[in-house]
Amino acid sequence: MQVKELEKVEAAGIFGTLTQMGHEQVVFCNDEATGLKAIIGIHNTVLGPALGGTRMWNYASEQEAVTDVLRLSRGMTFKAAISGLNLGGGKAVIIGDAKTQKTEAFMRRFGKFVNSLGGKYITAEDVNMKTADMEYIGMETKHVTGLPESMGGSGDPSPVTAYGVYLGMKSTAKKVYGNDSLSGKKVTVQGVGQVGMYLVEHLVKEGAKVTINDISEEKVKALVEKFGVAVVGAEELYDLDMDIYAPCALGATLNDNTIPRLKCAIVAGAANNQLKEELKHGYMLKDKSITYAPDFLINAGGLINVYNEYLGNYNRKRTLEQAEKIYTTNLSILNLAENEKISSQEAAIKLCEKRIEEVGRVRIPR
Ligand code: NAD
């Protein structure tokens, strides 16, 4: 949670903040019987229904949950827009303890709330949600995606996300080094969970010199045994001699404290909201001549995957082909940023806004 953003919400009030961030609708869902307290944030539906996962988290305050859902749903608008999908941006948060509170009734009640929006919001998995939870939601609404393969869904989106991140990293290398080979490049992957481990596999296959970091000793051990990768501690990570830093764990790892320490030429990873402050830290990287692949673009493989499932007749090959566009889109954003002397994050947002505005103009009858 970013304290500054929290202060902003408090200062502007809820409606002031919705206006500043451009949200259309925020839905508060309350069910005493099951103890469900959820907030659905619908940021923008110009390009299509708002698709975004549901996150369950023990927020320190309701205010913190509101801030999180607003920030995450806005990010989904950009992710869909930049990926050329006919989707808007939305996200839901459930306040509570995922380990003790989730029951069939709890999840189905949430499904009813999603259903009440008539398809304006489509949900999927996010932090602390599993495909089994999506099954319960799916008993109450058809506006859910990311179902298990056994139910005709597309299963875990992480391999597609990792593939997109890998291609985004390669196209950034193309921009920086003149060719996209990662062979021999020193890449540090922070977080070797679902996405990180598949990314490591791609990198090792290509001959990159991979170093990993994770708070889970078990995951680190497994990857060291499987791929013979090197390991770095959390403290030393940002000072490491590396070509590419790939944040695949948490958001906000690019901040006042870390950026001055980074010696890499490229940042390209899977984590959402890597820049603690979008504009400020995007420019700090630019000023250090570190090329940043916008997170919401290169980690969009998961969204592309669940979108394809939602359209029906899910086809993995077609999904991967769509994810492959990340390579050229990223390259054009990096070129735009260079030409306009702006940060890559800003260039990416500009492209999103352009598409939303242009398509919106086509679609909204005058
Ligand atoms: P995950 O929970 O499977 O993996 C995250 C990993 O990070 C875990 O191994 C965890 O131990 C590690 N970690 C947590 N805190 C850490 C810390 N402080 N330092 C080092 N490691 C730490 O999650 P995932 O699905 O692999 O997603 C990774 C990131 O990518 C997340 O930020 C997620 O929001 C984002 N993302 C994922 C997808 C997807 O398809 N799974 C899609 C888009 C974005």
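Glycine is no exception: its Cβ is also placed from the backbone N, Cα and C atoms.
What TrEMBL records for this protein:
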- Lys91: active site, proton donor/acceptor (ACT_SITE)
- Gly191, Val192, Gly193, Gln194, Val195, Gly196: NAD(+) binding site (BINDING)
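Features as recorded by TrEMBL, highlighted on the structure.
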| residue | record | Cβ contacts under 8 Å, 6 or more apart |
| --- | --- | --- |
| Lys91 | active site, proton donor/acceptor | Ile40, Gly41, His43, Gly52, Gly53, Thr54, Arg55, Val69, Leu72, Ser73, Gly75, Met76, Asp126 |
| Gly191 | NAD(+) binding site | Asn213, Asp214, Pro247, Cys248, Ala249, Leu250, Ala270, Ala271 |
| Val192 | NAD(+) binding site | Val200, Ile212, Asp214, Ser216, Lys219, Val220, Leu223, Cys248 |
| Gly193 | NAD(+) binding site | Asp214, Ser216, Lys219, Cys248, Ala249 |
| Gln194 | NAD(+) binding site | Asp156, Ser158 |
| Val195 | NAD(+) binding site | Ser158, Thr161, Ala162, Val165, Cys248, Ala270, Asn299 |
| Gly196 | NAD(+) binding site | Ala162, Val189, Gln190, Ile212, Asp214, Ala246, Cys248, Ala249, Ala270 |
